[in-house]
Amino acid sequence: MFSKRCICRIISTSRLGSQNKRWHSNHARPIAQSTIDEEEREKFQKLSHTWWNETGEFQALHALNALRVPWITNSLVEKQDQPPPLHTKPLLGLQILDAGSGGGILSEPLARLGANMIGVDMVEDNIRVAQTHLEEDPSICGSVKYIQATVEDLVETNEDAFDAVVASEVVEHVSNIDTFLTSCCKIIKPGGSIFLTTINKTALSYTTGVLAAEYLLRLVPIGTHDWEKFISPEDLQFLLDKCGFSTTLIHGMMYNPLTRRWSWISNSSVNYGLHAVKLHPQTSETSSKENSTDSVERSD
Amino acid sequence: MACALGHTDFLQDKKIILLESAPEKKDFKLSERYSNRTCAISPATVGLFQNIGAWDEILQMRCQPVKRMQVWESCSDSVITFNDEELMNDLAYIVENDVILEAIRRQLSSLSDRVEVRYQTSAKSYIIPGSTPGHDNVDQNTWVTIETDKGQKIQTKLLIGADGMNSAVRKAGKFHVFQQDYKQQAVVATLEVSGTSDNSVAWQRFLPTGPIAMLPLSSNYSCLIWTTSPTKAKYLKDLQDDNFVDAVNDAFWHERDKDSTVMSISQKYQELLNYVFSDNQVVRQLPPTVVGVDPGSRASFPLSLNHSSNYVKPRVALIGDAAHRLHPLAGQGVNLGFGDVSCLSQVLNEAVQSGSDVGSLYYLSKYETERQRAVLPVVMTIHGLHHLYNTDFSPVVLLRSLGLQSTNALQFVKNKIIQQASS
């Protein structure tokens, strides 16, 4: 089903468009035909059983919903011309893809807010866990469809189909970001959105995001993250621009291990969120790259 | 709680069921006689009632504002008075339980499309995943199952236990609870007092056996809450009406416990305070004389301190007396319960707004943290006050008298106390 070939090339790359002083990598990500990474798949298979325990290994991910769900909802609602007809279901009528849906932690709340969700994940167990959990809540059963696939698999049949794609805590596990983002671009409607949350590639992100989070504080299981796969917001923005997106927001996020809650912060050296909009075909040729980095006031 | 949820904006799509074991009182008539079960409602609770539309109903029926409060004791002359003269706000409102229940019942019936009330139905058993024997290993995300005494089975995402101090929900959820029996009973009665044109003062006198309090119900009637030992409580209930009235008056007026050493020291201290805070003189008023007691209105109930270590578990939340039950000496118990209602409905609103499952522990634990931060200091303070005034040991009497006199002299401290009790 998936190509298992993996070609590794050692190229010294200079990170394009980056201004930050941080660790430089001498390795490019292994270029694969698809974005599957064998190691990643095995890693998550072990974890799929504990996805829905709110106080377990995925506590931080559950807590992240309090930040990302309102963010996604408000951004999508703001883009509409009129306020949503049913304010308890602000995402009604929108088709959203949850790329790397895992156990369905993000798909379910978005479905509850009215969205038509499709969740894709490469690990079959995750899809199974997500589907089983979904069936426990009759109110959203019909609004979410889980498919074991990659985003690339959807390109052929779903061009310009989605109002939004959410890739939250995913790109740091993907082996070829370029392919991933290009595929996302193809399946999003012009004017549609892509939401990404991921980890910056800095010394600080290694210390806090890998060392502290995995080994010291045990916030996530050891081996969850590979620092080499982290990407800076500038690099991400550059790749998105190449694919035909215009970035509208980059904002830092922080997890407080004591309160176990996330909050928005102005510093994006570790975790950050990025919202970009797919440009319409005529505008993408004429507009120059809009590198606007807004800091948005967030009230918790 | 059900009423508050019914009024919450984002919960309008959710199905809410209230199981009420009492029958529906459709034909409520406000009786001429006052009920002996009353609550002292704080301004914050009034705010909650206003939000759910019940306050107007209560005002239409009856309630008595408290404009002033005087607290003193029998072992010394120290006294503290509370009044909110500057802000012209009432300190509290004395409302009968029946009046509150009726006001809420009327509101609930207007919300029948969102809240279903099943009267004369109580839960026979609960299956709470992770707690109920036989379901210990079930995923804690599985819904809670309730079986009613009528054989109906209800499955729910969130079970809210509002079933009082002997909460069955709390027991079923295997919540650990700290309990201490105060070995006291509270005797309640409806008293007829000598007509004062403005019966808007709440009186409380600490006796070594327990505090005696009189709360105004109308210009001629007040509610009695007398905390005392179980033997004395039985004795009081068995007295003839006249003798009971004498006993009440005696409790408020007698000077037998006065400790002369303490008196002389506290008098000197008071002179000092009067000199320093010359604009804040002690004004001691005399409570009204009790002239009669409503026949058949005498009753008593045991007192204990109950506090659940956790207020929430996945898919279960405890509110009110089910979570925390205190000594009535400061009239805070019911207001803390109503505070739980406000907080939980707000938290659930947030949860739904974020698309979360209403039974999600993330939001429930927010409720628990906020409420424990509000409740625990109050519980400890009241527990402390109970022990402080439960003795006639001279050094303690001296300490508390001087402390009370000092507090009485410091208006800003009293304002802080009023603020705290009103929130």
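Note that Cβ sites are derived from N, Cα and C of the backbone, with glycine treated the same way.
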Site-mate of A:Arg68, A:Asp121, A:Ser168 for S-adenosyl-L-methionine in TrEMBL, selected among A:Gly56, A:Gly100, A:Gly142: A:Gly100
Largest tally of Cβ atoms lying within 10 Å of a Cβ, found at which of the binding-site residues A:Asp121, A:Glu169, A:Glu172: A:Asp121
8 Å Cβ shell about A:Glu169, A:Glu172, A:His173 centroid, Mg(2+) site members excluded: A:Gly100, A:Val170, A:Val171, A:Val174, A:Thr198, A:Ile199, A:His225, A:Lys229
A:His173 (Mg(2+) binding site) versus A:Asp121 (S-adenosyl-L-methionine binding site) - Cα distance in angstrom: 12
Where A:Glu169 (Mg(2+) binding site) falls in three-state DSSP terms: coil
For A:Gly100 (S-adenosyl-L-methionine binding site), the three-state class that DSSP assigns: coil
Cβ neighbour count within 10 Å of A:Arg68 (S-adenosyl-L-methionine binding site): 22
Extent of the S-adenosyl-L-methionine binding site in Å [max Cα distance among A:Arg68, A:Gly100, A:Asp121, A:Ser168]: 19
